[in-house]
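Since the structure comes first, as structure tokens, the remarks are kept for the end.
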Amino acid sequence: MPILYGLAFLCVLCLSACHESQHLRLQGEAQGTTWQVDITQANQALDKQQLQQGLEGILQGIDQQMSTWRSDSELSQFNQTQSTDWFPVSPDLYQVLAIAQQVSTDTEGTFDVTVAPLMRLWGFAQSDSLAHKPSEAAIQAALQQVGYQKLQLQAQPRAIRKQIPTLQVDVAGIAQGYTVDRLADYLEQQGIQHYLVELGGELRAKGFNSQQKIWRIAIEKPTERLQQAQQGIALQDAALTTSGNYRDFFEAQGKHYSHTIEPQTGHAVSHSLASVSVVAKNAVTADAYDTALMAMGDKAQYFAEQRQLAAYFIWRTDQGFQTYATPAMQRYLLP
């Protein structure tokens, strides 16, 4: 799950010296986390209640389409069927899966929305599961049910289908980013040009904050306890997402295992890469690539540079942390 510095600190960075007449804040809970929208230079004619209802409607709609926690969601219904026939889907779910398949192809399967059997096997799929290292035989058996190539998409009419009856799809690695984009697009449809949208640590910013300056965001130092800023980011007309291995993990035989699964081997990542942050034009792209880079480990830096991705890496070392920003990321870094 993408992680950024806590929202309370975020507000100090972004919204100091706010004037209530110009600043509007909307917030709530969705997708197992919290969301917040800050609108600056707000027009007094804006209807706060109407905006809140519009944003909540988008969140509820995406939850109904993509949640794997709801047995009645569109995606759960697809997962429950054993049929390999075409399954009609909504525009939102189709769009998310189409983007996911593009990133899967680009990363040669390091990003893969069909890893649900492996997540369950390692104990990361449910909040009440006990995370543990499974046997190699169990991992190899689960791998037979995994593979983005086993999921087919059809644009007209919009539909998806399984190549094997047991295929399971989970869009947790991309859905929050997509949701942030949908919320941001809704704000722009209402004529709002200065905003910061945040959902579970995924962000998208446009325009300026209340001080007429570019939005200032903090990437969190990947520590398990105290929240501390590692690096400041200047964000305008772009999105920032982060994936890390320091909140949802377990240790076994002296090894640190993250909830991020490497789809090609079936193993939970145990390398020293603690977090990856990505800046992109939209949050869904950043969200998918930060997940893939986190799974790549030692290969992530080279991949990001070759793709000219704006990425910020934090590696865990015996002395503390080591950081690296790709050339494309340099222009976003605050001194």
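For all residues, glycine too, the Cβ spot is worked out from N, Cα and C.
The record from TrEMBL ties D287, T291 to Mg(2+), and of the options G173, G191, G200 it ties G173 to that site too. There are 25 other CB atoms within 10 A of the CB of G173 (Mg(2+) binding site), with all protein chains counted. In this structure, D287 (Mg(2+) binding site) is part of a helix by DSSP.
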